[in-house]
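Student: As annotated by TrEMBL, transmembrane segment applies to 23-48, 55-77, 97-116, 137-158, 193-212, 233-256, 268-287. Per TrEMBL, the feature domain 'G-protein coupled receptors family 1 profile' maps to 37-285.
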Amino acid sequence: GNHTQPKFILLGITDTPWAQAPLFGLFLLIYVVTLVGNVGLLVLVWVAPSLRTPMYFFLAHLSLADICYSTVISPKMLTDLLFGNKTISWAGCMTQFHLFALFVTAECHLLAAMAYDRHVAICHPLLYAAVVSPRACWQLVACSYLVASLSALVYTSFTFGGSFCGPCRIDHFFCDAIPVLRLVCSDTRGSEAAIFALATANGLATSVVILLSYGRILHTILGMRSAPSRARAFHTCASHLASVSVFYGTLFFMYLQPASRHGSQDKVASVFYTVVSPMLNPFIYSLRNKEVKAALGKCRRRM
C-alpha cells in the first residue's frame, strides 16, 4: 500500500545535464524576486496608513498565499537541480501537494473577493464603506481559507488514498495530482473524476464571480460621462485583470482537461502558475499603482 512506499523520485523539469545549472540560476533568481517582492508588498501594506483599505487587505493576503505556495515548490525544485537528489518521501510528497492545493485554491477565492471589492467600489461607491467593512473583509478571507482547507483535504485524500506500484517515478518537478495518480495500482477513474469535479467547482465558482463583477463594472464604466472617471476606473481594475488572466489561464489548462490529454506541456504550464505568477503579482499591483508608489516614496523618505 501507499504507506509502505518509502520514497518517490521526481524526474524534474528536464533530465539534460547541461541544462541543470542554467535552470537553477534562473529559478533561484525568480524565487528571490518573488520573496522580496511579496514580502515587501506585505510590509508596505502593514506600515503605510494610506494602504489600510479593503483592496490592499486582500492584496496582502494574496501576497501571503503567493509566498506560501511558491515556497512549497521552489526550494525542493532548486535542491533537485543543484544536487541531483530528486527523491522525496511519501509523507513529504503528500505534504507538499496538500499545502500547494490549499494555497492555490485560497488564491482563487481571494482573487474572486478582490473582484467583488472592485465591483462594489465602482458600481456602488456610496455603499462601499458599509458593504466592504473590516468585518466583511475578514469573513471573506476566512471563508477563502476554510474552503481551500476542505478542498485540499479532499484532493489529498483522493490522490494519495490508493496503493502505489513501483518504480515510483513522478514525471514532474513537484508532487501534483495527475502525475501521482499515474503510479496508483488500482483503478483511478473515480479519484480523477472527484478531483476534476471539485477543481471545476472551485475554478468555475470563482471565475463566475470575477466575470459577473467585471461585467457589471464594464457596464458602469461605459455609462460614465466623464472620460477621466472612466480612465481611473479602468486603471483600478487593470492590475487585477492582468493577475487573473495569468493565473487562471494556466490553471484551467492544467486542471480542467481530462487526464488522458495531459502531456509534457504540463510542466511548462505548471512553471507559470507555481513559479512565474507569484513573482509577477507584486509588480503588476505596484508598478501601475500610484497609491503603492506614493506609499513606497513616503517610506523611503522616512528611512
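Quick reminder: no glycine exception, Cβ is built from N, Cα and C everywhere.
No curator has checked TrEMBL annotations; they are predicted automatically.
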Student: Please figure out which one of 55-77, 137-158, 268-287 racks up the most CB pairs under 8 Å against the transmembrane segment (23-48).
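Tutor: The stretch I would name here is 55-77.
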Student: Give the one range among 55-77, 137-158, 193-212, 268-287 whose Cβ atoms make the most pairs under 8 Å with those of the transmembrane segment (97-116).
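Tutor: Per the Cβ under 8 Å count, 137-158.
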Student: Mark yes when the transmembrane segment (268-287) and the transmembrane segment (55-77) have three or more Cβ pairs under 8 Å (sequence separation 6 or more) and no when they do not.
Tutor: yes
Student: State the residues, same chain only, that lie 6 or more residues beyond the ends of the transmembrane segment (268-287) and have a CB under 8 A from a CB inside it; answer 'none' if no residue qualifies.
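Tutor: The answer is 13, 27, 30-31, 33-34, 37-38, 40-41, 59, 62-63, 66-67, 69-70, 73-74, 100, 104, 172-174, 176, 239-240, 242-243, 246-247, 250-251, 253-254, 293, 296.
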Student: What mean pLDDT score does the domain 'G-protein coupled receptors family 1 profile' (37-285) have in the model?
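Tutor: Summarising the domain 'G-protein coupled receptors family 1 profile' (37-285) by its mean pLDDT gives 86.
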